[in-house]
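Below: one structure, written as C-alpha cells.
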Amino acid sequence: MSNIVIVGAQWGDEGKGKIADTLAEKSDLVVRYQGGNNAGHTLVVNGKKTFLHLIPSGVLHKHTKCVIGHGVVVDPIALDTEITRLQDTGIEISANNLFVSESCTVITSYHKLLDAVRENSTTEKIGTTGKGIGPAYEDKVSRKGIKFKHLFDKDVLRSRLALSLAEKETLFKDLYKVEYPSLEEEFERLYTLGQKLKQYSADTFSIIDQAVSTGKNVVYEGAQGVLLDIDYGTYPFVTSSNTSVAGVYSGATTAGHNLDHVIGITKAYTTRVGEGPFPTELFDDTGLFIQKKGGEIGVTTGRIRRCGWLDLPLLKYSAKCSNLTSIALTKVDVLSDLDTLKICIGYKYEGKEIFCAYPGIDLYKVEPILVDMEPFSLDEVVTKENMPSALKTYLRTIENHIGIPISSLAYGPSREQILFFEDYFKKG
C-alpha cells in the first residue's frame with residue numbers, strides 16, 4: 001500500500017489533476033482535502049477534455065472511490081451541477097464511488113455575494129475567484145458554518161442559516177447596499193439541494209482510515225499550490241486554506257498513518273492567476289509565447305495566467321514547507337523550441353544573494369538571478385534514451401538546487417505523455 005500526497009508547489013494550475021488521474025489507475029481512493037470549487041483540473045483522455053472543480057480526479061476510473069474530505073468547502077449548487085455534467089458525458093457517479101464528508105462546510109449564496117462585493121469595493125484586489133471560498137472558511141472558523149449534514153435537517157439548517165446571515169445582513173444592507181436572498185429563499189434552495197445530494201453524504205473519516213489501515217493505495221489530491229497557502233503563501237494574495245501538506249492532516253484522515261510520498265507538482269516554468277508578486281514574470285514576446293502555447297487560461301476563472309521563468313528559490317521554499325519527497329515536472333513541452341531559455345537560481349535582496357525564499361521576504365523587492373540554459377527540442381514521445389542533453393541539464397539544475405529528485409516528467413496534455421522515473425506504489 002502507499003499513501004501519496006499531491007501538492008501544488010507553485011501558485012496553483014501546475015497540472016495536479018493530470019498526475020492524480022494517472023496515479024488513480026492504481027489507487028483505491030482519491031481524496032480531496034482542502035479548497036473548494038475554486039480549483040480547476042483539466043484531464044485529457046483519448047483527446048477528450050474533462051474539467052473538474054470539486055470531484056476528485058479518480059472519477060474517470062471505475063474501480064477508484066472518490067472522497068471529498070471534511071477540509072473542503074462545498075457549494076451544493078456547484079457540486080450538483082458538476083455531478084450532472086459528468087453523468088451526462090457517460091461518467092459513472094453514484095453513492096458507490098463518491099463520498100462527501102458530512103462535516104464539510106457548505107458555501108451559501110451569502111458567501112458568494114459577500115466575496116464578490118468585497119472584491120469589487122476595494123482598490124487592493126486579491127484576485128479572488130468569487131466562489132465564496134474565503135467567507136465560507138470565515139464562518140467555519142467563527143463557528144457559524146453550516147455543515148453538509150445540516151442540509152438534511154430542516155430545523156438545524158434554518159437555525160444555522162439564520163446564524164450565518166445575522167452579521168452579513170447588516171453588511172449587505174448598510175455597508176454594501178446590495179440585494180440578497182431572503183432567509184426563506186436560501187433555506188428552500190439549500191434544503192432542496194440537500195435532499196438530492198444526501199445520498200453522497202458519508203463518514204469519510206472512517207472510510208479513509210479503513211482504507212489506510214487495510215493496506216489500500218490512497219492518493220490525497222491538493223488544490224491550488226503551496227504559494228497560495230494561508231500560512232506559507234504570499235499573503236495577502238493567498239487562498240483561505242492550507243494548501244501545503246498540512247492540509248492533509250487537517251482536512252482528511254492520516255493521523256497515526258505515515259505518508260509514503262509527498263509529490264510537488266511543478267510546471268517547467270511559472271504561472272500565476274490574479275494579483276500578487278511574481279519575481280520572474282515575463283512581459284515580452286516570450287511570455288506571450290508561453291501563455292499561448294501552454295494554453296494558460298484558468299479553468300475556473302477564465303482569466304489569462306501570468307507567465308515567467310521557473311523560480312527555484314520559491315520552489316525550494318515550497319519543498320521545505322511541505323516536506324516534498326520528489327518533484328513531478330509538467331508542461332516541459334511548452335519550453336520546447338524556445339530561442340531563449342532561462343531559470344531563476346536566486347535573488348538579490350537587501351544587499352545579499354539568497355537561494356531559498358522565506359515567509360518574511362518581500363517578493364516585490366527581489367531581483368531574480370537568471371542564468372541562461374541551453375534551449376531544447378522534444379520528440380513527440382520522450383524517453384530516457386531520446387531525451388535531449390539540454391533538457392537533462394535543465395532537470396539536473398532543478399534537482400541540485402532543490403535537493404530532491406524529479407520523479408516524473410509530463411511533456412504533453414494526455415495521460416500517456418508522462419515519463420516516470422519512480423514507481424510511487426513500490427515500497428522501499
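Each residue, glycine too, has its Cβ placed from N, Cα and C.
Counting every protein chain shown, the number of other Cβ atoms lying within 10 Å of the Cβ of Asp13 (active site, proton acceptor) is 28. Per Swiss-Prot, the feature active site, proton acceptor maps to Asp13.
The active site, proton donor annotation in Swiss-Prot covers His41 and is backed by sequence analysis. Secondary structure at His41 (active site, proton donor), as computed by DSSP, is strand.
DSSP assigns Arg305 (substrate binding site) to coil in the three-state reduction, placing it in neither a helix nor a strand. The GTP binding site annotation in Swiss-Prot covers 12-18, 40-42, Arg305, 331-333, 410-412.
Mapped onto three states, the DSSP output places Asp13 (active site, proton acceptor) in coil. Residues or ranges marked as Mg(2+) binding site by Swiss-Prot: Asp13, Gly40.
Gln224 (IMP binding site) counts 29 other C-beta atoms within 10 Å of its own C-beta, drawing on all protein chains shown. A coil conformation is recorded for Gln224 (IMP binding site) in the three-state DSSP classification, outside any helix or strand. As annotated by Swiss-Prot, IMP binding site applies to Asp13, Glu14, Gly15, Lys16, Asn38, Ala39, Gly40, His41, Thr129, Arg143, Gln224, Thr239, Arg303, with the evidence given as sequence analysis.
Sequence annotations record features per position, and here Swiss-Prot assigns substrate binding site to Val299, Thr300, Thr301, Gly302, Arg303, Ile304, Arg305 based on sequence analysis. A 10 Å cutoff on Cβ-Cβ distances gives Arg303 (IMP binding site) a total of 13 other Cβ atoms nearby, all chains included.
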Looking at the recorded positions listed here (His41, Gln224, Thr301), whose Cα lies nearest to that of Gly12 (GTP binding site)? Gln224
So the record assigns Asp13, Glu14, Gly15, Lys16, Asn38, Ala39, Gly40, His41, Thr129, Arg143, Gln224, Thr239, Arg303 to IMP. If I measure every Cα pair among those residues, what is the longest distance in angstrom, as a whole number? 34
His41 (active site, proton donor) to Gly15 (GTP binding site), Cα to Cα, whole Å, comes out at 7
I'd like to know which of the recorded positions Asp13, Gly15, Gly40, Val332, Tyr411 sit within 10 A of Arg305 (substrate binding site) at the Cα level. Asp13
For Gln224 (IMP binding site), which of these binding-site residues sit within 10 Å, Cα to Cα: Lys18, Thr42, Thr301, Gly302, Val332? none
Cα distance, Thr129 (IMP binding site) to Gly302 (substrate binding site), nearest Å? 10
Per the 10 Å Cα distance test against Gly40 (Mg(2+) binding site), the recorded positions Asp13, Lys18, Thr301, Arg303, Tyr411 reduce to Asp13, Thr301
